[in-house]
Amino acid sequence: MQKPWVEKYRPQTLSEVVGHHEIIKRLTNYVEKKSMPHLLFSGSPGVGKTTAALALAKDLYGETWRENFLELNSSDERGIDVIRTKVKDFARTKPIGDAPFKVIFLDESDALTSDAQNALRRTMEKYSDICRFVLSCNYPSKIIPPIQSRCAIFRFSPLKTEDLVENLKEISEKENLTLEKGGIDAIIYVSEGDMRKAINVLQTAAAVSDTVTEEIVYKVASKARPDEIKKMTQLALNGKFVESREQLYNLMIDWGMSGEDILIQIFREVPNLDISEKEKVHLVEAIGECDFRIVEGSNERIQLSALLAKMGILE
């Protein structure tokens, strides 16, 4: 069975990692000196945190990286027992070969409970001579200050468009795909700097056709084209409520889009609308209120219809 492309084309060394040049430079220095502090990687999903941690381990240990590297996903194993058993058992044993220390990688560490984080802090202190911890998280504010203060913090930003484009073209060439300009632009739009999402969308589109077009990308990603969102929004702003609501229903039924997805796309379109700054402020406020109501469990169609109605009377 064919591997997912995100694994097939995952960088194996730090030099292969796409983007984040300053971060990679600092990590490479750690490898060269065979010395590093505990690390905290923060950033949104799909921007390279796990890839950087794996590449760091492979560069540090070479062929013995599996014996000296432990990866745990904290969202699955988030309790204090994991810290007391798996983490402590691995941390207390000496490194294999000539490695100066072992590395424990805790993915999604912001999912750890408060008790588990306090136990982790004590473990980090106790075994710091033979073990280093690399923590990754989406929300660093959920990591307790005592752990943050013990780590060198690396903030991974969403990948730049040129980095995404270069990688997508390289993968397309290896997979014998024709990647149209519109297809690239569509993948960039739906992925929002998330390389994992971009590669997954490309692979899904490739299963439909060897020529990746704009239409195919939006269809497999269950996203509306920006011009469709803009058309619906513009109709509402012009007071054509019934027509804009019809466009909304088409998106939800024909494209199978959730209300939350449509709302996010409307929000992304606000800066491009031909309305005053004051009206944009009121519109964003209305979008925020709509989002809150949907999250609380209100009917998506009713709330989005109400938002479109409000657009027609913006002041």
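Going from the start of the chain as shown, residues are counted 1 onward.
Backbone N, Cα and C atoms are what each Cβ position is placed from, and that goes for glycine too.
Taken from Swiss-Prot as is:
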type    : residues                               : note
BINDING : G43, S44, P45, G46, V47, G48, K49, T50 : ATP binding site
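When the binding-site residues G43, P45, G46, G48 are scored by other C-beta atoms within 10 Å, G48 scores highest. Surrounding the centroid of the Cβ atoms of G43, S44, P45, G46, V47, G48, K49, T50, where the record places ATP, the chain contributes additional residues within 8 Å, namely S136, F156, D194, M195, R196. When Cβ neighbours within 10 Å are tallied across all protein chains shown, the highest count among the binding-site residues S44, T50 belongs to T50.
Cβ neighbour count for V47 (ATP binding site) (all protein chains, 10 Å cutoff from its Cβ): 24. Cβ neighbours within 10 Å of K49 (ATP binding site), excluding its own Cβ and spanning all shown chains: 26.
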